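Feature annotations, courtesy of TrEMBL:
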{"type": "DOMAIN", "residues": "45-149", "note": "domain 'Ig-like'"}
{"type": "DOMAIN", "residues": "239-334", "note": "domain 'Ig-like'"}
{"type": "DOMAIN", "residues": "346-419", "note": "domain 'Ig-like'"}
{"type": "DOMAIN", "residues": "423-495", "note": "domain 'Ig-like'"}
{"type": "DOMAIN", "residues": "525-618", "note": "domain 'Ig-like'"}
{"type": "DOMAIN", "residues": "627-723", "note": "domain 'Fibronectin type-III'"}
{"type": "DOMAIN", "residues": "725-820", "note": "domain 'Fibronectin type-III'"}
{"type": "DOMAIN", "residues": "824-912", "note": "domain 'Ig-like'"}
{"type": "DOMAIN", "residues": "921-1017", "note": "domain 'Fibronectin type-III'"}
{"type": "DOMAIN", "residues": "1034-1124", "note": "domain 'Ig-like'"}
Amino acid sequence: MNFQKQIFKGLLGPFVSCPRVSISLKCYDSPCVIHSADEAPGENPEATGLFVLRPESVTATKGKDITFVAKVDSSSLTRKPAMKWLKGKWLDLISKAGKHLQFKETYDRNTKIYTYEMSIIKVVDGDAGGYRCEVTSKDKCDSCAFEVSVQAAQEDQQDNILEAFKRSGDAGEDAGELDFSALLKKRKEKKPEGPKEEVDVWEILKAAKPCDYEKIAFQYGITDLRGMLKMLKKMKGEPKKSDVFLSKLDPAYSVDHGRKIQLTVELADPNAPIKWLKNGQEIKPSAKYVFENVGNKRTLTINKCNLSDDAAYECVVGEEKSSTEVFVKEPPVTITKLLDDVHTVEGEKVVFEVEVSEEGASVKWMKDGDELNRDTAGSKYRFKKDGKKHILIINEATREDIGTYYAFTSGGESKAELEVEEKELEVLQSIADLTLKAAEQAVFKCEVSDEKVTGKWFKDGVEVEASDRIKISHIGRTHKLTIDEVKPSDAGDYTFVPDGYALSLSAKLNFLEIKIDYVPRQDPPKIHLDTSGSGNKNVITVVAGNKLRFDVEVTGEPAPTVCWSKGEQVVCEAEGRVRVETRETLSSFVIEGAERADEGLYTITVANPAGEDKAEIFVRIVDVPNPPENVKCTSVGEDSATVTWDPPSFDGGVPIKGYLMERKKAPSGRWTKLNFDAYEATTYEAKRMIEGVLYEMRVFAVNGIGISQPSASSQPFMPIAPTGEPTHLLVDDVTDTTCALKWRPPEKIGAGGIDGYIIEYCIEGSDQWVQANEELVTKNQYRVKGLPVGEKMLFRVVAVNVAGRSPPATLFQAVTIREIMENPKIRLPRSLRAKMITLVGEKVNLVIPFQGKPRPVVTWFKDDVLLEDKSIGIRTSEVDTILFIRSAARSHSGKYTLSVQIENVSDSADIYIQVVEKPGPPISVVVTDVWGFNAALEWKPPKDDGNCEILGYTVQKSDKKTEDWFTIYEHNRRPNCTVSDLVMGNEYSFRVFSENICGLSEVPGISKNTAVITKTGLLHKTTPFQEKDLSSSPKFTAPLLDRSVIAGYTAAISCAVRGNPKPKIIWMKNNMIIEGDPKFLMQNNQGVLTLNIRKPGLFDGGRYSCKAVNAFGEDSVECKLEVRALQDQAKK
């Protein structure tokens, strides 16, 4: 009926908008039923009460918002429940999420309750109807149905038919659904000036003449005249029954994607030809479409349905037809790999990646409820598809991008949090003070961590402008200010200020004026250092990898010689990484790319004829520290883990300020920062982790120079909560010194599983628990040994996994350690209560369980005599005894008695074994009498019956001519028989096999004499043979069929003919005889004629005929061959 309503909505749309028209819908046929190809009742999981709060039916006001809330208790569930919001029977609302429909999910860890919300924004008439929410979790499910009705707002609203054709939602043409249901809603009419009588237009149209239809439509405001006429014709024709169809197609069918569906009609005439049409085009039989004719029924089977099969189908018989529609339902697309949370800094690229179950599926991206697509995202977001992977890329993250990002498919959703921290600017190399003389070059250089940062240079607070003498450069992370030919006016304070950061780097330029005084006497050399004469060592600190240039002013007259040395090694003036440069009174010590080996005490010695001076300088090389060592996880929790590490072996010459931590999921390659400020301790607790997921951690060391390389990744670890306590702990057995316990696994195990169990015991009244097992017990049972006799003991069991020990399961009552007396009893298997029959040479293996405490004494007897046969093996345990014979012999037959005894109490059981084999042959087989065509045969039973009863005999005969043996009697019970129907003139021998339950004897008993059937005076007359005339003219028994083939693929046409004498076969194309053409191969196999056409072209199409000719006549058949191009097929 719902399907018919949807048809009426499309046809009656123009009528509903007219306030003067009242339309009544009547069903003239049976209700419409939509069949599903794969519905299987009874496959739904068990219905249970999972809802704590259910949505209720409401009446909403048009244009207002409404929210439905459902709460699910997950305390009894082993996995997260899946929630579906449905409208009608199977419309999944999750796939319609957008501005009109919004969904929200929250979880309370304390109460373990999931809260699901569905909000309808700005309710429209099309939102009215029945809704259903379903929650499933493994083998449990629950559902709740509720209704939504829509009422108009209080103010008068103008009826507008176009509103019904608008889609719900604000996301463009494809958002939401067409609101056709608004056409059939009762619309609020404006109050007319006077009362108007409602008119049934259909009654007027049915009673009117066809020439008045247009006038009536104009009078009542009907615009869709064609739709009106179609509907009127259908209404008039419905009561009429079909003379051709006994049963027609249903109005509609539904089928899942990839399944098959069958459309069946029943005809009144079983010989009537039919055609199947799809969207008006005739369907040809193929592997996709299969036609079946069974009696009056005609069936069309559509295999592997896809979206192209979603169409209208018709079955045409003569002038009548039966129509239906097939709806193909796409399976929901699920998410197989969820989104990961991202923690980054401003300016970095962010990548969200999700993987779905099918390639080419549609994924909707949203941020905080707002949809992200190519039209609205601009250059900020990029969307990529790689097979089943869907990727959202944020080029340069900012603080505005913080929020929750969602990925929706038709069958699931995933969300992830994005956190963006402000990026701090680090100074890698600051500018240094300079002291220069006139005409020298001043270079101020600094290095920051971000290559994109720009800045300005200031001198005494005034911005420095570039000129021919002053150059400002920015290359990568290095900013440089160069001043050529320094003047006294260039002296002052220089500052570099990065743009956008509250940071400044300052240095001073000192101008050195040189005054030369002529002194006609010699001056001793002197080294001018800032701290010379103080007696302390001068220390210069250099960052590894940087350049060191240490200028030392040297005076003396005449000019002294300068020598630099490190220990006993003299640093020569040469081109190299470590060198000395001398310019007039200035000696410069240079180290290019300082290394750790360059650290040490350096000595500068100057000398001239007037004296000598010496100074020592200690060069200290500092660097980033080595990576931390031995990173490992020491403990885990439900959503956390504690990680420890050792400090780096080398701190870089500068104290360690702290550490930075990163983590990642084990299969992923993307690391997430856990802190941005240095963490001083060497133990860190990482939180907000997902239970059951493998993680890895690594650590960076930070000192005043920078950040070290990352440490080696820790071993993968998994946040896991301890399991619940074991259940159903009970005592299985007690002896004088042992106690056997049994239990069941915990109800809540978690993702970490169970490594094993620990069993502990203590004496009643004491709290000193003793562990009974040294290694973990993997089974759910254990026997505690070495217990004191007569003591009352308490026992408990603890489950252990990587997260630690679970709460203990304890026996509530103490157990007294004392053996319990139990009478012996044999549990004889049912199969051994009857006689056991076995063949000679086979194995015999009897396992008989028994019970009794203490352990009973087991004794075996054969025929009431103690069993001492060495060929029979016996093994006995605490609970059963085994008797086995490797190769049974007839001597092993007899009665076997098993006896179990504890003190004066005993129990016994008898087992009968019969070992059998095939019998021997019968003896004394003789022919006792012969008369007519009969012979009497007798014999005696065999001497060896195989240790069992003879069931019968098999008798065979053989004549002297052929000497072949034929069976004449089977299972003959008596030791004699009469053989009849013997052939006259033959001499017969006989043999007899004896038979028991093992089969026939290996050797038969052969008769000592023979039976001779003598001839009599009979005469047989034979009729003369007359040859039959089989001559006939040729006639084709199977015709040629029209065919349509693809160019380039070998084709064949065939038919069948009969005739005597064998007819001559002639093949023709377009009435031209085919002969001598290698393209055609003609075959004749037992009257089946085949013409093979090798790789036909378009010009090979036409009419082909086959003619058969012999002396009595001729016959011919023909067909049409159509050759299609391959590209034509692709276009179709």
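Backbone N, Cα and C define each Cβ position, glycine as well.
In TrEMBL, annotation is done automatically, which means it is predicted and not curated.
The shown structure was predicted, so the numbers you read here are calculated from the model rather than taken from an experiment.
With a cut-off of 8 Å on Cβ pairs spaced 6 or more residues apart, the domain 'Ig-like' (346-419) and the domain 'Ig-like' (45-149) reach 3 or more such pairs and are scored as touching. With DSSP states grouped into helix (H, G, I), strand (E, B) and coil, the domain 'Ig-like' (346-419) comes out at 7 helix, 41 strand, 26 coil. As a summary of secondary structure, the domain 'Ig-like' (525-618) carries 3 helix, 58 strand, 33 coil according to DSSP.
Taken through DSSP, the domain 'Fibronectin type-III' (921-1017) splits into 0 helix, 52 strand, 45 coil. With DSSP classes pooled into helix, strand and coil, the tally for the domain 'Ig-like' (1034-1124) is 3 helix, 60 strand, 28 coil.
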